[in-house]
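See structure below.
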Amino acid sequence: MKEVYVLCYCLVGLTQGMFFTYTVSTLSTIEKRFKLTSKQTGTILSGNDISQVILAMILGYYGNYGHRPRWLGFGVLCAAVSCFVAALPHFIYGPGQDAVDIVDATYTGLGNLVDNVTGVARKATFTLLLRILGPVLGYLVGGKCLSLWIDPSQSPNLTRKDPRWLGAWWLGYLFIGCGLLFLGSLLFFFPRKLPSTLNREAKKALRQADKDNNKRGVQYFATLAKSKKLESKPTLANLKKALKRLFTNKLWVGNLFNTVVIILALSGYWNFKPKYLENQFRKSATEANYYTGMASFASVVLGTGIGGAILRWVRPRPQFVAGYNIFVTLFLTAGFIVLMFIGCPKLTMVGPVDGWSAPECSSECGCSERFSPVCSQDLSTVFYSPCYAGCLTANTSVSPMVFNECLCISNSSALSASYDNSSALLWESFNISHSSPQPQAGEELGYCTSGYCPEPCDTFFYYLIIQIIIKTVSSTGRVGSSVLHI
């Protein structure tokens, strides 16, 4: 029975580890689907941390008493319910009008454009190994789900790199929720104490009776054990004493402060990391999650293995372990300062960005602010949407989509020849060349394709390598930090 419980416990930790990182991996898709800002999604994510802070001390203390497997099972069932609640908006509101318009455009072929196509449970089950594998699997599951269209029964003519792509963000919540529901139910079948534990306690009572020359029977020691248990019953007064004992331990407090500072500095970055890769390096949501998951897995497993081996064979003093954690913090700081300067050049875009309005060539098209970037035939100019490029027709039978008869793009003059990185010069050239939304006599209109233009930006490889080094070094202190807390 002990082995079965350990297996169930490990699977619970693995599945729960997937829950939070899956939410992170689908964050950018949820923002696009429900038109949320990063500030709003950040507030939602902070609720997870706030709930842990409030409940961790109370549950950590009172959870030592009572029927522990049932406590754990109840927490897992709460997490399962939260998974289903997280997926509920999709079944209430559907895939959204943007997804419907994109699918409709796929089947309508050529047409007029202008603007129509454009916790409680987590804290109880954390173990070191599962904190590694669970979150990594969460990113991988997120990448797989986001590679499917938000409505799997439909198949739009879009590539996954297209900014309009909406992945099936809700699918993983159902998968994780069903897993937690099954595993949480199993925990209710375990007894409060295993038979081996009861036998051990009985033998201890017998030994005590033998030492006392049988003057006092086994019943006496059973009654004594029960009275001691009643004396140690959890109370608020005892909770205060336990907290005081912890927070007067200087080494423990120092290590805790170091951990809090790291989490405070990195939580925002890790929560929005997939979205950062999407925007900074123009990666698709699927690619961003796969890169995040595999890089985390390789570096954390390697770093944790090295740290555990050193701790096992060298056995350094606690002061050395605490000092090494400070070194890791400084190394992390230096590493992320380096990462700040690695990225792709800022994208110059024609449209309602950076205070600019629509160019004159499409000023009468009545364009909305729906973001659907397209790349001009010069392979360097990006328009905010086909409408802002003045495109009149679209060929949806090819992928990526091709938008034709664009008033702001001309075949007779190559825009790339006079392209300048300055937004002001670029807009001036458009306004001079296309002062009227109507095509000039004898002028052949150009075309553009959906998505961003191809960029000669290879800095993502260096970003990934440096990040793996940072995570590997920082992971070497995980085992020592956990042992120090214990």
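Keep in mind that glycine also has a Cβ here, set from the backbone N, Cα and C atoms.
Of the listed segments 42-62, 126-146, TrEMBL assigns transmembrane segment to 42-62. Away from its own ends, the transmembrane segment (290-314) comes close to residues 25, 128, 132-133, 135-140, 142-143, 273-274, 277, 283, 321, 464, 467-480, 483 of its chain (Cβ-Cβ under 8 Å, at least six residues beyond either end). Distant neighbours of the transmembrane segment (321-342): 251, 254-255, 258-259, 261-262, 265-266, 269, 311, 459, 462-463, 466-467, 469-470, 473-474, 476-477, 480-481, 483-484; these residues of the same chain sit at least 6 beyond its ends, with a Cβ under 8 Å from one of its Cβ atoms.
Highest Cβ pair count under 8 Å relative to the transmembrane segment (74-93), across stretches 6-30, 42-62, 170-190, 251-270: 170-190. Helix, strand and coil counts from DSSP across the domain 'Kazal-like' (355-407) read 3 helix, 16 strand, 34 coil.
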